[in-house]
Every structure is written in C-alpha cells, then in structure tokens.
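Chemist: Let me begin by handing over the structure; questions about it come next.
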C-alpha cells in the first residue's frame, strides 16, 4: 500500500511541475490586478491632500510685534539626531539671549520633527512645503535670514495648522 501512495504523490508532483501550477497561480493574480482600475496619482497635475502635521521645509517664526521667537535655549540643537542645526547666541542688554546664528543643513536633516517638539516657544516649525530643490550643495544650507523669510512667507499657513492641531498638543 505504501508503494502506491508514493507513486500517486510522485505523479502529482510531476503534473504540478509539468504544468507550472505555481506560475499559473501567480500570473492569475497579476492578470486580475492588471484589469482593475488604476489608483496612481499623476503628481504634478494632480495633488493629494496633506496632513497639518506634515514635516517639510523649516521656518523660524516671529511674534506678532515682529520680534523673533527663538530664545537661544539650544534644545533643538541638542535633540537633533542628525546634528543638522547650529546655533550661536549673545546676551542682550536686558539679560535675555537671542540667536546670532541659526543654521540648518537640510542635506543632513532627517525631518524627524524633534526640533519642533523640543522648542518651548514654537520658534522652529516644519511647514507643509516639500517642493524645493537646490542646484548646488550649498543651496540646501539654510541660514537664519532664510529661515525667518520662510516663517514670514508661510505664517498664515503655519498659524492655521497650529490652530487646527491645538486640541492634540
């Protein structure tokens, strides 16, 4: 009886390998999806909605009176895992500190958002802007004036995103 069952098993294996059963199964799955409607987004012409929490281009914010928010506590520099942030500060006449240099090297940045979370005054934020490029390596090295200009340019969007996300913070 054992010889017959072995023979039947061998015959099944030969038939399966001869007719390439696994290959036919795989091709049937591929064929099924080939005729289904496509869900690809044609990016430049068609854009998907973004989350308010999207982490894109960095910006430094100002208070409504025009004074910059950064108090030079250097928490963002300390928490940055990629060491992409460089801060230098000086004492002001009233005893408070202000930044003299605030640089972010976007070629090092991993856009983790730790700098944004560590900031006690919401000075550094990541905007929803992701369509930026640099033609030379130095173009992705953002200095304090460039970051402040980003903050001024996108302040309405940043404020709206912060207000909409306030209940989760």
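Yeah, the Cβs are placed from backbone N, Cα and C, and that goes for glycine too.
Residues or ranges marked as [4Fe-4S] cluster 1 binding site by TrEMBL: 70, 73, 76, 119. Residues annotated as [4Fe-4S] cluster 2 binding site in TrEMBL: 80, 109, 112, 115.
Show me how these features fit into the structure around them.
Modeler: Residues near residue 76 ([4Fe-4S] cluster 1 binding site) in space but far in sequence (CB under 8 A, at least 6 apart, same chain), listed by position: 85, 87, 114, 115, 116, 118, 119, 124. In the three-state DSSP scheme, residue 76 ([4Fe-4S] cluster 1 binding site) is classed as helix.
DSSP gives residue 109 ([4Fe-4S] cluster 2 binding site) a coil state; it is part of no helix or strand.
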Chemist: Please report the distance from the Cα of residue 109 ([4Fe-4S] cluster 2 binding site) to the Cα of residue 70 ([4Fe-4S] cluster 1 binding site), rounded to the nearest angstrom.
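Modeler: Cα to Cα, residue 109 ([4Fe-4S] cluster 2 binding site) and residue 70 ([4Fe-4S] cluster 1 binding site) are separated by 19 Å.
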Chemist: About how far apart, in whole Å, are the alpha carbons (Cα) of residue 112 ([4Fe-4S] cluster 2 binding site) and residue 73 ([4Fe-4S] cluster 1 binding site)?
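Modeler: Checking the Cα atoms of residue 112 ([4Fe-4S] cluster 2 binding site) and residue 73 ([4Fe-4S] cluster 1 binding site) gives a distance of 19 Å.
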Chemist: When you measure from the Cβ of residue 70 ([4Fe-4S] cluster 1 binding site), which residues in the chain that are at least 6 apart have a Cβ under 8 Å away?
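Modeler: The list for residue 70 ([4Fe-4S] cluster 1 binding site) reads 60, 98, 99, 102, 121, 123, 124, given in order along the sequence.
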Chemist: Find, among the binding-site residues listed as 112, 115, the one whose Cβ has the highest number of other Cβ atoms within 10 Å in the structure shown.
Modeler: 115
Chemist: Do any residues at least six apart in sequence from residue 80 ([4Fe-4S] cluster 2 binding site), in the same chain, have a Cβ closer than 8 Å to its Cβ, and if so which, in order?
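Modeler: Expected: 109, 114, 115.
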Chemist: Which residue, out of the binding-site residues 73, 109, 119, shows the minimum number of other Cβ atoms inside 10 Å of its Cβ in this structure?
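Modeler: Candidates: the binding-site residues 73, 109, 119. Fewest Cβ atoms within 10 Å: 73.
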